[in-house]
């Protein structure tokens, strides 16, 4: 290990002492057993495809110890401002958050991706014992890999993201939300233990009771305090199948009212989401994964006025062979909803296919050349009182004629979010907030760089207006952005609000030289602890 550390130390010094502009020697020539590799074009690319900051080198660690050696060397050599490190998983950041200009990118997919399931049922056999089941997971594992392994024992994590081809460490560094969040909370509220390499190069095991400050800091911490290398995730019984329901609306108020009714029934309903239907294309693309015939032919504006429709989707887990209970629940729940009669549709699918539904949408977009394209997305948490105002702001910037992609709208309950984590949600006096997710794909043939920049500028104006505090008679809504990169450190302080002091104190404790997470743009690199 000492020899390995010496090789890495020399490599790090080469990074520190040489400019990315005039550096001639390849990093692979000076390394030894811990390799820093030449960057490739993919090292400066992410799913958003709107920011491209090339690193100096790439690390593919074999173990957390490799990362610890790297960060330990960087934190002990009074490095230059360029010596930063970003962790990247599946590369699904939207605004370059997992990039490190002239720094080092650590590819966590190179770490062991094992999924080890421990089930208390093997010792007890009663259903209550499954609450104590968990999976120890390498942070570079994809959630779909976790699902596949857990289902072998009839188990699954309770909380998900819509898209499963994301890494465990990546979503836990942000939040992790989907239609189960109203019931179980986000993924960051469903973690028992973490292994983390801090910005000082320390490998630490932490939990709500063991070094809790680090545990809660890294959950939703945007990669600022440490790199998650393992996670222990609680498991529950997985249903063999799911009854999946969609209902259509032509009134935003009725649509959101019914969503709030659904999330008030967690004993009956297991998943609630919804989306706006702007045009024929959005109706078609949102139906790709839904394996039922939709006899819904809305009028989007043939009478001269644009009309927007809405769709609620909810799901009921089905543990019975004959599906009678799930069908009964769906019938009772649907009877309470005020959808456009008769436009409610129900289908039975396997639990795996339901959770993996976005994969079909991905394949459809790939076939049309609309997956590896710029994605100028906008995700905003909006308190319930501001959703109508926010929808108005949003629709002023969206053209229904050519919009490509879903606009998600569904409620979340703020009491399901642990306030000890680093995640930021808006103040919602009634405990209800909505996620608005504008998940746009841009066709390069019709929308070049100037067009993408224009979309992002419009999104910034919407976010600025919505995130202003509405107190004192102001027009602001008090919303909070999600998965976004703020334009300056000052704007990050505004984003965190009263939580900024705690966030900054955690940074000073676990990454005092500001080595980690440069792509977020929160903390400029410093040469000494405590300076900015």
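Including glycine, each Cβ sits where the backbone N, Cα and C put it.
Among the candidates 268, 281, 520, the residue that Swiss-Prot annotates alongside 87, 89, 91, 93, 97, 162, 167, 173, 177, 228, 482 as binding FAD is 520. In summary, of the candidate residues 295, 420, the record from Swiss-Prot lists N-linked glycosylation site for 420, whereas the others have no such entry there. All chains included, 28 other C-beta atoms sit within 10 angstroms of the C-beta of residue 167 (FAD binding site). For residue 87 (FAD binding site), other Cβ atoms within 10 Å of its Cβ number 28.
Sequence-distant neighbours of residue 97 (FAD binding site): residues of the same chain at least 6 apart with a C-beta under 8 Å from its C-beta are 46, 86, 222, 223, 485, 517, 519, 520.
Annotation: no recorded positions among 177, 420, 482 have CA atoms within 10 angstroms of the CA of residue 92 (pros-8alpha-FAD histidine). Counting only residues at least six positions away in the same chain, the Cβ atoms of 174, 175, 177, 379, 380, 381, 435 sit under 8 Å from the Cβ of residue 482 (FAD binding site).
The C-beta environment of residue 420 (N-linked glycosylation site), restricted to residues of the same chain at least 6 apart in sequence and closer than 8 Å, consists of 212, 216. Spatially close to residue 91 (FAD binding site) yet at least six residues away along the chain are 42, 45, 46, 47, 98, judged by Cβ distances under 8 angstroms.
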